[in-house]
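For A2, the entry in Swiss-Prot reads N-acetylalanine. Look at Swiss-Prot and you will find S518 tagged as phosphoserine. The feature region 'Disordered' is assigned by Swiss-Prot to 1-38. Under the heading transmembrane segment, Swiss-Prot lists 60-80, 98-118, 126-146, 160-180, 187-207, 218-238, 278-298, 323-343, 357-377, 381-401, 421-441, 465-485, citing sequence analysis as support.
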Amino acid sequence: MAGSDTAPFLSQADDPDDGPAPGHPGLPGPMGNPKSGELEVPDCEGLQRITGLSRGHSTLIVVVLCYINLLNYMDRFTVAGVLTDIEQFFNIGDGSTGLIQTVFISSYMVLAPVFGYLGDRYNRKYLMCGGIAFWSLVTLGSSFIPREHFWLLLLTRGLVGVGEASYSTIAPTLIADLFVADQRSRMLSIFYFAIPVGSGLGYIAGSKVKDLAGDWHWALRVTPGLGVLAVLLLFLVVQEPPRGAVERHSGSPPLSPTSWWADLKALARNPSFVLSSLGFTAVAFVTGSLALWAPAFLLRSRVVLGETPPCLPGDSCSSSDSLIFGLITCLTGVLGVGLGVEISRRLRRFNPRADPLVCAAGLLGSSPFLFLSLACARGSIVATYIFIFIGETLLSMNWAIVADILLYVVIPTRRSTAEAFQIVLSHLLGDAGSPYLIGLISDRLRRSWPPSFLSEFRALQFSLMLCAFVGALGGAAFLGTAMFIENDRRRAQLHVQGLLHETEPSDDQIVVPQRGRSTRVPVSSVLI
């Protein structure tokens, strides 16, 4: 009798709602796969059967999503590439200039939960098509604003957030429903390569198109045409895969979405999600500040060093720093994302907490190099570029890993909502306010000193040093994530397999058949 009670009970629930059928593959940890803490990974043929898409088609979908991700970030940082020209055209200071990015991010942040809710319940392909089409039209319209209507530029940049919100909350969940395990990590790394590459191309396209056309307005007219192509590719190539099927190893029965309020409560009780989102907020704070202000800081540094003339009203400002910083952003992004994913993948074989630990190492390592890049700017622009290169490489190690953490600690029917609220948190406390905050501190410091090009440089230099401190705080948040990551991942796996039932917030239970009856026991007794 003892033997019957201690048999592999987790696959023998007699209530169909209590768990999977006997022989169900891929139970997590020692309960279903004693050699691994991972779900059993379907092969290519299994993935094709489950999703209804060939591997080639699934890969092509990821390529289309990467193209759109690249385009989104290219558009965002095209503005940064011509920032000095915008300041001169509208006759605004650093504080008002910082509002351009802040208004965009704030709109994006407000709309993200809306698209997160819709993305967990409705066709994701059509949501993205509508959002990107609207974004393309608004971006084109923003290039025709006269100099006396700066407020209208702020309004249009805010409306651009519709496209970003419709895409960024949904696209990673499509990848999660097409691939699992290491395949998913690789595809996410490809997807997130588009962030630094797109950002760098934004700087380059903004500065070069302005030089060729002789007018910065033309820099804002490049991405709308590419956006039309993106909508066509989405409509023709992307197909909607069933949510969570690749993790259940079956196209049915589908996971049922819960209420939005239940989703929020579950996410708030997920420490790995909360802490990794706080860590990612630090990444957003630093990257948002550098994205907008680094080219302007480098230009001011070279003016102080006597390497370039100052940018005066009516002059065409030098674009070489935007070009160089754009190239650095591209290279460091590709290198950092690739290094982060590969290091994490190798360490994961020996340490299941590798993902948050690699993220922590990246942030804690980047902070001193970013500080050195600012401290050396008065003496050597070459040293500044070298330290920026190292710091941004370490910072970029986080992008794909943070996305992977979210996807494996959150169940499929909550992932778009989780993406949305990670976006809200990271932008609310990160890059929504950081460009404006840096500009505001710079303005306050500059007013306390006699007017000069040196005071402009020093004010921005001291204000940007805040980024190094925030980066260190983010590293601490990822160290906290490492304490909870194993249990939270296993809970998500149990839920996907149908073994974990959320009844009350403090009483998550799994079904354990004993002597022909279903008995509920606290999940804490299993998650050791």
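Numbering starts at 1 and runs along the chain as it is shown here.
The backbone N, Cα and C atoms fix where each Cβ goes, glycine too.
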For the transmembrane segment (218-238), sequence-distant contacts whose Cβ falls under 8 Å of one of its Cβ atoms, 6 or more beyond its ends: 60-61, 64-65, 67-68, 71, 74-75, 78-79, 81-82, 125, 128-129, 132-133, 135-137, 139-140, 142-143, 163, 174, 205-207, 209-210, 212
When counting Cβ pairs under 8 Å to the transmembrane segment (278-298), the leader among 126-146, 160-180, 323-343, 465-485: 465-485
Highest-contact recorded stretch vs the transmembrane segment (323-343), from 60-80, 98-118, 126-146, 357-377, 421-441, CB pairs under 8 Å: 357-377
In contact by Cβ distance (the transmembrane segment (187-207), the transmembrane segment (60-80); 3 or more pairs under 8 Å): yes
Range from 126-146, 381-401, 421-441 with the greatest count of C-beta pairs under 8 A to the transmembrane segment (160-180): 126-146
Close approaches to the transmembrane segment (421-441) from elsewhere in its chain (Cβ under 8 angstroms; 6 or more beyond its ends): 93-102, 105-106, 108-110, 112-113, 116, 165, 168-169, 264, 267, 273, 277-278, 280-289, 291-293, 406, 459-460, 462-464, 466-467
Recorded stretch that, among 98-118, 187-207, 357-377, has the most CB pairs under 8 Å to the transmembrane segment (465-485): 357-377
